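Everything on this sheet refers to the single structure shown next.
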Amino acid sequence: MNLPPLHENMELVWSAFAFYSGFSFIVFGINSLIAYKNRRVQGSKEFLLVVTGLALYSFGSFFEIVSRNEKWILFWDNFQFIGRDITIIGISFLILRLTFVYRLSLIFFILLFPISNEFVIWSGYKSELIRKNIQFLANTSWKVLTYDFGPWMKFSVSYYLLIQTIVITILIWKFLTFNGFKRAQMFMLLIGILFPFLGGLMTVTGLFPFINPHLDVFPITGCITSLVWAYGIFYFKMMDLIPVARDKVFNLIQDGILILDKNNLILDYNEASVALFLNRLNFTGVTLKEIYPELDYLIEKYKLKEIDSIPDLRLFMNGELRYYEVILKNFSNRSTPSDFWILTLRNITERKLGEVRAIEEKNFLNMILDSTRVLFLALDREGRILRFNKACENAFGYRFKEVHGHTFWEIFVEPRKREFVKKKYFKMIRSNFIPKAQEQWISKFKERKVILWENREIKDDHSNTNYIISAGADLTDVYNAENEIANLKSANEEITKKNQMIEDQKKNWKKSSRLLKKLKPNSFKLQNSLTWVNSCPESRTKSIIR
């Protein structure tokens, strides 16, 4: 067993090169304390594992430099493997946390080699598997341990570098394929892991372009990693589920969304935008003018308030014409605008095509309604006129624009009847629906029109009447004809009565004529009597009186 030689003195001697490991240990200790206090933050537990491993490695490196006892130097070199293996485990768990692929099989695989490595190192079984040709150099400011890697050590170092290479490759690939918040996550992890990776390569290959060729720079590079990741996790919240969820939602949005700066440089975009602009957004530093100059021109005019709104876009995608609504909003809600803008391109193809179809159907319906002689009227529940066809215009003399939005009683009903008609209409709306009614309406030229209306009601989901659709027939001519016929009939009856009176008078005259003919023989005697009376008026009169 490679246990610490407690019965021997470490023979500590200070070296200036121990400062780097000691300083790194202090940094790792502070980061560990921060991670523990913020352990509820997403990723803090994995980060705590990483900095703990780095702290143990720096601790062992520090005492390896300041120790002069060879057995203690070997012990502290073995001790550093504990820190390295814990660091590998922490980094692996951090990647799993980022990708949300925690699986028991993966955890077992991650833990298998570090545990096996520690067993081989501390068991003392065949030390040549780990080190060969062990030497201690005394020509430096500290006693330097040098050796050749044994088979297991070569495998261990190769495994360590392979794991880091795989992780770096994954992070680079994710950085190039992701966008938005996830790209920032990948970038920060990539920057952090590159430093210990390069430090490990320099240690293995013996390439030290500075300080001392025998110095292990892994604590220094690990110190940079811990600072970068601490900033990302606890300040930038790069492992927080909320921004990750926001980024996920951002990419699930069907609308194309672009984040622009004041020069219309595209800073961020979602996956829908990539498809919208035919993969021309996969290059960094692209401006909107490069991928869509016309839209860039319209946006600039909108920013300068030369236009009130940005018109809809028409794009040909996969041989199909699509319509997009353009929405541009500033990040700031204050009167002073920010330098950053959110550009949203909303697919309104179905709505636009529906509007076109609706317009076509409306025009077709209007053509039918305007070509018929039937009066067509549409009213809302307040009695306001919504539709007024050509037949109505011809019948009443009003144009549709003149009556649209007005209640029908204020235009077509004589003043003394308006209140009555209004109450009658509202009563019909509420309960007492009248399917058919004959009314007298006043035209623009003060002519009375007799209209027979047939009414239909349109109800909502709660059975409340919202609209009244009326089809009418102008009975004015019929009404006038009926009145004329009635007048003629009355006159005819009067003439008939007068004719009957004439006939009766003729009959009476004929009777009188026949009677006169019968009385003609006696007319001479009567005449003589009258003559005698006239010749003796007084005496004859008295005798007659008697």
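Quick reminder: no glycine exception, Cβ is built from N, Cα and C everywhere.
The transmembrane segment annotation in TrEMBL covers 12-35, 47-67, 79-99, 106-125, 157-176, 188-211, 217-236. The feature domain 'PAS' is assigned by TrEMBL to 361-432. Residues or ranges marked as coiled coil in TrEMBL: 478-512.
Here the transmembrane segment (157-176) sits against the transmembrane segment (79-99); at least 3 CB pairs are under 8 Å, leaving out pairs fewer than 6 apart in sequence.
Stretch with the largest number of CB pairs closer than 8 A to the transmembrane segment (79-99), among 12-35, 47-67, 106-125: 47-67.
Looking just at the domain 'PAS' (361-432), the mean pLDDT is 89. Long-range neighbours of the coiled coil (478-512) within the same chain, counting only residues 6 or more positions beyond its ends whose Cβ lies under 8 Å from a Cβ of the stretch, are 450. DSSP labels the residues of the domain 'PAS' (361-432) in these numbers: 43 helix, 12 strand, 17 coil.
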